[in-house]
Amino acid sequence: MAKRRYKTSLFIFRRDLRLYDNSGLNAALRDSEQVIACFIFDPRQIEAHPYQSTPGLQFMLESLSDLQQQLQQQGALLYIFHDKPEHIIEPLKQDFGIEAVFVNRDYSPFSRQRDNELRKQCEKLHLAFHSQADLLLTEPEQGLRSNGKPYQVFTAFHRQARLLPVQTPQSLAAGKLLTTAYAGHKPELLNQLQQPHTNALPGGRQAALDRLAILGNCKNYLAVRDFPAMAATSQLSAYLKFGCCSVREAFYSIQAELDPDHPLLRQLYWRDFFTHIGFHFPHVFGHTFDRRYDGLLWRNGQDDFWAWANGQTGFPIVDAAMRELNQTGWMHNRLRMIVASFLVKDLHVSWRWGERYFAQRLLDYDPCVNNGNWQWAASTGCDAQPYFRIFNPWLQQKKFDPQCLYIKSWIPELQRFPAAVIHKWEKHPQAGDYPPPRVDHAVQSTSIKAQFKALANTTAAPE
């Protein structure tokens with residue numbers, strides 16, 4: 001057997017909470033005589049901050065508990081630490097003699113800054129630092145046009161990305177995972193941070209495999225994916241966010257269970273596309289991608305925002321979706337588009353407010369994907385919904401929840417009313433305990449379109 005490069009290495013789990021098909025972990029095992037497998041609770045992420053997702057944190061904790069069990073079945077240990085990553089590695093070098101640090105690459109501005117700090121500390125301590133591609137089907141450097149610039153239109157990006165091979169999932173590489181007792185290991189943190197389970201979906205590898213096993217439910221995906229009362233979507237987003245299954249597993253499972261060109265695959269590439277946009281254009285975190293629309297004048301009414309957030313706008317499809325989000329951490333994709341459009345184009349509240357609220361509430365919160373979706377809905381983003389196409393919430397609910405099955409499941413105040421009344425709620429504003437429509441959709445959409453039109457011919461968008 002060939003001599004391995006390092007005697008002892010450290011692998012840091014992050015958005016890759018699994019053993020199977022874990023690129024960074026496999027690289028560490030192949031190159032090291034023994035590997036310390038750890039997770040680091042970074043105070044910048046677990047302590048309160050404006051973009052902290054409480055449902056996401058709970059999902060992550062459940063996934064970590066599951067990962068702990070996966071490692072125990074391998075006769076190994078998941079070391080738990082609490083500090084900034086760059087502060088952890090010096091004691092581990094002193095106590096275990098680590099020679100290298102392995103991670104899987106991440107792409108948000110925070111992640112890149114964190115990894116730059118970690119890389120600098122490794123250089124200072126004369127440790128090797130290895131960052132593996134694992135999270136995406138295509139790396140940002142691969143998603144470039146012939147002129148070397150990033151794609152800004154999804155269709156063109158998708159056409160090029162589908163030409164690139166997708167690596168087949170890899171089993172856990174042979175190697176030794178360390179189990180030595182260590183004073184800095186804080187396994188009690190997992191239990192201390194746990195909250196009562198209120199999420200729509202449980203975290204962990206087994207739950208991810210269960211979702212992959214029922215992909216057959218998505219056979220008629222194109223025909224029924226937009227109907228929230230039907231279980232017609234994969235619900236894989238949170239499992240991909242935390243790496244309970246790899247994106248390659250999802251890709252090949254979809255091909256095997258459904259079709260080699262099934263429309264669900266396109267959704268995986270939308271995830272790549274928005275991640276690439278966040279990587280190449282970091283100004284989108286705080287500004288519009290299309291800088292012409294930084295000049296939009298938002299009303300930003302606090303009462304309007306909280307009526308939206310609490311599901312009290314008087315628009316049933318909007319309110320049902322927000323109530324589900326608040327109670328479960330989950331929202332159907334069609335509903336995400338509807339509620340985002342409503343906040344921005346009916347209530348004239350900045351998309352940044354909605355982006356932040358979704359970050360706090362979604363169990364599958366992903367900074368790049370969340371930002372991309374909000375800017376798409378707000379018509380300020382990359383390859384976005386044209387500003388003159390505005391979701392009409394009345395037509396959306398009539399088309400995608402015709403019997404109001406979904407609406408009634410989340411708005412008990414409307415359960416006694418027939419669907420015909422709910423679809424024309426603006427004509428029955430005093431019926432029951434449910435509020436009348438907060439705004440006139442036609443008036444508000446006309447107003448916001450005028451603003452967009454006035455800015456559309458100003459300074460050009462990024463190239």
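Cβ coordinates come from backbone N, Cα and C, glycine included.
Taken straight from TrEMBL:
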- Y221, 233-237, 267-274, 364-366: FAD binding site (BINDING)
- 7-137: domain 'Photolyase/cryptochrome alpha/beta' (DOMAIN)
- W298: site 'Electron transfer via tryptophanyl radical' (SITE)
- W351: site 'Electron transfer via tryptophanyl radical' (SITE)
- W374: site 'Electron transfer via tryptophanyl radical' (SITE)
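Structural mapping of features recorded in TrEMBL.
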| residue | record | DSSP class |
| --- | --- | --- |
| Y221 | FAD binding site | helix |
| Q235 | FAD binding site | coil |
| Q267 | FAD binding site | helix |
| F273 | FAD binding site | helix |
| W298 | site 'Electron transfer via tryptophanyl radical' | coil |
| W351 | site 'Electron transfer via tryptophanyl radical' | helix |
| Y365 | FAD binding site | coil |
| W374 | site 'Electron transfer via tryptophanyl radical' | helix |
Request  = Please determine which of the recorded positions listed here (Y221, W298, W351) has the lowest count of neighbouring CB atoms within 10 Å.
outcome  = W298
Key: W374 (site 'Electron transfer via tryptophanyl radical') versus W351 (site 'Electron transfer via tryptophanyl radical') - Cα distance in angstrom   = 6
Task = Using a 10 Å cut-off, grab the number of neighbouring Cβ atoms around the Cβ of F273 (FAD binding site), all chains included.
result = 28
Request  = Select the most exposed residue of W270, Y365, W374, where exposure means the fewest other Cβ atoms within 10 Å, treating these as the recorded positions.
outcome  = W270
Task = Using a 10 Å cut-off, grab the number of neighbouring Cβ atoms around the Cβ of Q267 (FAD binding site), all chains included.
result = 18
Remark   = Across the domain 'Photolyase/cryptochrome alpha/beta' (7-137), DSSP labelling yields 61 helix, 31 strand, 39 coil
Request  = For the domain 'Photolyase/cryptochrome alpha/beta' (7-137), would you mind checking the mean pLDDT of the predicted model?
outcome  = 96
Remark   = In all the protein chains shown, the tally of other Cβ atoms within 10 Å of the Cβ of Q235 (FAD binding site) is 17
Inquiry  = In whole Å, how far does the CA atom of W374 (site 'Electron transfer via tryptophanyl radical') lie from that of Y365 (FAD binding site)?
reply    = 12
